[in-house]
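Beneath this line is the structure, given in structure tokens, with notes to follow.
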Amino acid sequence: MQSIGKENGQKNIPDREVVVVEEEEEEQEELNQDWSQVASLVNKNAALSLPKKGEKDYEPDGTDLQELLLYKAKKAMFDTISDSIRGTTIKSQVKGYYVPHRHQAILPKPKGSFMQTMGRADRYGEYWLEFHEFVYLAERGTIIPYYKLEVNSSGESLDHDIEILLSMEDLYSLFSTQQEMDQYFVFAHLKRLGFILKLCGQDTGVKTSFYPARKQQNSLQMLTSRLLSLFKIQEISLFSGFFYCKWNFFFRKYTTSPQIYQNLNRLICSVAVPKTKYELWNAKNGGEVNHKKQHLPLTFDVWKPHANFKKKNPGLPDFQILVFNKNDDLQHFPTYEELRSIFTSLDYKFEFLNRVDDDFDWDANSYVEGIARSEYNLKTSTRSHTEKKASALKTKSNTQKKTKQPCTKKRPRTYPPHIQQNRRLKAGYRSFILAIMDNGLISFVKMSEADFGSENVWYTPNSQNKPVRKLKGGKA
Amino acid sequence: MSKGRVNQRRYKYPLPIHPIDDLPDLILHNPISWVYWAYRYYKSTNALNEKVHVDFIGDNTIHIIVQDDKQMLYLWDNGFFGTGQFSRSEPTWRDRTEVRLGLNDSPQQVGRGGKINTETQLTLERVTQQRRAQRLEFKKERARLERDLLELRKKGAHISEENILLEKQRESLREFKLKQMEDISVVGQQQNAPEIDLRNEDNDLLNENGDLLQLESLELMPVEAMFLTFALSVLEISSASLTRKLFPSDAKYKDIHSFVRSYVIYHHYRSHGWCVRSGIKFGCDYLLYKRGPPFQHAEFCIMGLDYDICKDYTWYSSIARVAGAAKKTFVLCYVERLISEEEAISLWKSNNFTKLFNGYQIGEVLYRRWVPGRNRD
């Protein structure tokens, strides 16, 4: 492969070469490799298929069965790739030009399926890629990266006259910080798995938010909420005082264990965790007062792979990711203060709301430009042509069907309270993904808020010998 | 009687303070029953007749131990407090040794009210021992079958033949396992008389009447002792003198900080009904059981942290791995002090523990490994 690259007179283009194919027949957008052979190998016989991950023999058993299987699988794969033509056709080549002062790349003639999820056209009709998207596509071989020299001084026109083909090494050297590079690795890793990622600050079409546009909060409301929270703490100390007195059990009588527990659990208060839509709104408003300075901004919004993704109007992300480098002295694992400020800054499909209500309608409960997303979608669809209208209606009816179907399916899925409680405890509430970079290795951790303080798990013995678990006891 | 029933009765109360649950029925149309009820209500109390006595041994590190047989069992049966020094957790050394020495002709069921039937005499340690032996047997059987397969493979048999044999072997292994399961219940019933293997040292374990001495005692964690005396007043010793024993009287805040933090966390979970036990075996601070160890496996590993602390990522990752491998959920429990250090230490000195512990707040964060491939749809 390298020899071909040198013949073409281009330095250092690893893993990629341009094959000039003149024939008209080969005008497919992408060359398809014939994987049917491999597929047949897999399907023919379960024992002949590629050895599955993790099913290794414990030790060499003196026979060559394993080796034979491996050899067959490998050979099938090599045969497949050796038959196909490598490279891209010149007509379907997409060139990307890196523009240093914007630290972005411009594509004069963009085409390809990547446009569905990446890049953005500005109002002059020029198609721009973020730098990490540019590197990713170059690494995949989808676009060919060039460096665009700006030649203002010589007075030449700003056509892309001087362009330098970039190698992967060159591209990597263009990362401005180590942090950006770490972010790129996380981006590329998840992107390869099919997820759709956007930088959190990146402006993408319209911004969808779980929170409605902020109205001026009533100062009276704020005052009362403050007062209430103050009262709550005091109440705790007033009540709990006597319980811990030495003579408590001589003066007060408790006829059930839960009574004792209820007195015990007033002593230590726990952080209030928002669990419903309105609590989330309140937490957001209150949180902005408390945590003015946000220490750690989130890095990526992530959507699960889905075919109908709309760049212009993506809806709420499924996850939000914070990238952090373990070996960077300037970064550290978030402290609780920082975790809380991250939790308040989250704005995604809070999946725990689905736990209470399976049919929680996300379009009705997320806001685009100050109005509910469902309304917004309706507005945009009526604005467009009648054809589109028809298609929109079609999809709408489809979605209606879809929502109806799970209704019937999900109805019997009501779990007994103690199992629901267990799920609440184990899954927690607001959550984000922490991506930890360690010398090129990425580990992901899901951090979620938990609230053991509002769940009581004590067992109440009763005469019928029937286990009854108390659900949601009184939290002071 | 099933094991569940026995446990149900033995561990009826989740705390050593029992509720008043033996009040007579109130019959509405019978005023005498009202009087009787009122009398019984007046007479009964939650307080213990005889508080639990603890001893302190050791100079540098203080061990809080309960030595009385009845009280040891009482603390274990009512909330699973403490750990037997010669046992895994429940103080069973004496019972086990009696069985080993063949002394249990008249089983001493002190504290259990003789309610336990002889069928379940098998101590937990013995059950584990048996299970291990069975597992070993099973592995031997499996290895034998694997050798058969290799023989076939060496002869150059076709893969389809191998599959047939494999299927047969799996079936026979399944049967083997089933048979073992039956065996364990049989063994449990027949109370097999183990061959008594007396050593010379064993004579030292007996007193002049030939009865076994109780050498084991129940050791309490400092937070457990604090909970038992401060929150429930079950121990003889007062919370003030307990803390004097544990810390010098001129303690600074930094000396007491980690104890107070541990206690706050301990109390928090205890008070919501969890059975909280030490989590040292899983590299964390506490384990949370629903009801208690005999009923369910612990589901949560708790690690206490100050709210402004961040450790190296490796620290989180290692603990989470251990917790995850044991199928437990890892919880980071952050404790925030709402009062000033000076206030805290002065409350400590004036033994105003209620106000001291009330000055702390708890926040919890779940930490779980996230695998992108499993979260795609």
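In case you wondered, yes, glycine gets a Cβ from its N, Cα and C as well.
Annotations in TrEMBL come from automatic prediction, not curation.
If you check TrEMBL, you get these features:
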COILED    B:133-162  coiled coil
DOMAIN    B:259-337  domain 'tRNA intron endonuclease catalytic'
ACT_SITE  B:Tyr289  active site
ACT_SITE  B:His297  active site
ACT_SITE  B:Lys328  active site
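Remark: of the active-site residues B:His297, B:Lys328, the most isolated position is B:His297 (fewest other Cβ atoms within 10 Å of its Cβ). Helix first, then strand, then coil: DSSP counts for the domain 'tRNA intron endonuclease catalytic' (B:259-337) stand at 29 helix, 26 strand, 24 coil. A sphere of 10 angstroms centred on the C-beta of B:Tyr289 (active site) encloses 20 other C-beta atoms. The two recorded residues, B:Lys328 (active site) and B:His297 (active site), show a Cα separation of 9 Å. B:Tyr289 (active site) and B:His297 (active site) have their C-alpha atoms 7 Å apart, to the nearest angstrom.
For the domain 'tRNA intron endonuclease catalytic' (B:259-337), the model gives a mean pLDDT of 93.
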